[in-house]
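This report concerns only the one structure given below.
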Amino acid sequence: MRIVSGIQPTGNLHLGNYLGAIRNWVAMQDEWTAKGGECFYFLADLHAISMPHDPKALGENTREMTAALVACGVDPDRSTLFNQTQVPAHAELQWLLNGTARVGWLNRMTQWKDKAGKNRDGQSVALFTYPVLQAADVLIYQATHVPVGEDQKQHLELARDIAQKFNNDFCAEDAPLFVLPEPIIPPAAARIMSLRDGSAKMSKSDPSDMSRINLTDDADAIMSKIKKAKSDADALPSEAEGLEGRPEARNLVGIYSAMSGQSVAQILGDFGGKGFGAFKPALGELLVEKLSPINERFNTLRQDREALNAILRKGAEKARAASAPTLAATYDALGLVR
Ligand code: ATP
Ligand code: MG
């Protein structure tokens with residue numbers, strides 16, 4: 001059993017990234033390695049060049065994201081953590097699979113249609129073909145399971161179609177080369193909203209730093225951002241229905257729930273009838289308690305370029321070894337002399 005999952009490297013990581021994405025990786029790692037499975041986690045830096053990007057920022061973001069993942073609990077000894085670029089088999093297998101993938105299949109991808117809009121001719125070829133790279137990302141490791149959100153389901157279907165067609169076209173019936181990976185739907189992740197506007201997503205691109213809790217924020221910054229977070233004048237309701245039409249209140253209670261593991265009902269049982277003057281300090285303290293150890297590790301590690309390079313180097317070595325047999329078998333199946 002092997003999980004493969006990738007994440008785009010970004011900087012300015014915040015509480016939304018932690019609760020919506022990074023924390024799931026840590027939970028999957030703990031769950032899967034406990035039952036003898038393996039997790040391959042990669043920073044999708046090759047995917048980043050499918051859109052306009054700043055080369056200087058890409059390198060920094062790759063290390064920054066690595067630091068955040070490790071600080072949050074991804075363990076490079078238990079999981080294989082690396083960036084795609086250092087494992088050339090991803091790009092090689094993509095080329096080999098380009099012979100199997102059909103233009104019509106890619107034309108049907110809704111992500112392509114959404115991202116390209118009306119200006120298809122102006123897009124990079126990479127934006128069109130990156131679902132084939134995603135197929136290579138998982139097939140190269142013979143992944144049995146791939147966590148997919150709603151927006152990625154279609155791409156995993158494509159990976160299965162490519163694997164199946166390749167197996168049919170180039171392998172003996174009783175000796176298929178590629179495992180068809182199964183989707184796993186991660187537990188519904190919390191969607192964290194801006195601290196300044198309960199209807200906007202917390203995001204790194206929000207110009208106001210007060211709108212988000214950064215993973216680099218210290219205890220003072222966290223307490224003051226929560227204290228100044230937009231709320232309303234009413235007391236908290238004693239039941240969840242009472243949060244309707246109160247997006248800021250709902251978001252703050254949602255954050256408390258995601259960080260504490262308590263249900264919204266439990267939290268309102270404790271805080272119903274109390275105002276934000278009582279709730280905000282409790283939320284701030286909870287965040288400080290849970291985020292301080294992460295924050296400390298993150299701030300140390302993100303400054304240690306050598307340590308981060310070493311983590312990625314070591315992960316890439318493991319990934320290269322794991323990918324080599326499948327890559328060799330693919331070249332052989334296609335009749336390519338090496
Ligand atoms: P941008 O504003 O550039 O889109 P972002 O802050 O939304 O940046 P992304 O890099 O787009 O962050 O997202 C990285 C990961 O974090 C994705 O898996 C995304 O779903 C998750 N994520 C981002 N923001 C939130 C949020 N507010 N709540 C929950 N998950 C989030
Ligand atoms: Mg985003």
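All residue numbers here begin at 1 and follow the chain in the order shown.
Cβ coordinates are placed from backbone N, Cα and C, and glycine is handled just like the others.
Because TrEMBL annotations are produced automatically, they should be read as predictions rather than curated entries.
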Residue in ILE140, ILE192, ILE213 which TrEMBL records at the ATP site where GLN8, PRO9, THR10, GLY16, ASN17, GLY149, GLU150, ASP151, LYS201, MET202, SER203, LYS204, SER205 also bind: ILE192
Listed binding-site residues (GLN8, THR10, ASN17), ranked by Cβ neighbours within 10 Å, top entry: ASN17
CB contacts for LYS204 (ATP binding site) [other CB atoms within 10 A, all chains]: 14
Longest CA-CA distance among GLN8, PRO9, THR10, GLY16, ASN17, GLY149, GLU150, ASP151, ILE192, LYS201, MET202, SER203, LYS204, SER205, per record bound to ATP, angstrom: 23
Remote residues contacting the motif ''HIGH' region' (9-17) - C-beta distance under 8 A, at least 6 residues beyond either end: 43-45, 48, 57-58, 60-62, 64-66, 68, 83, 191-192, 201-204, 212-216, 255, 287, 291
Intrachain residues whose Cβ lies under 8 Å of the motif ''KMSKS' region' (201-205), provided they are six or more past its termini: 10-17, 191-195, 211-213
ASP137, GLU150 as binding-site residues, winner by CB count within 10 A: ASP137
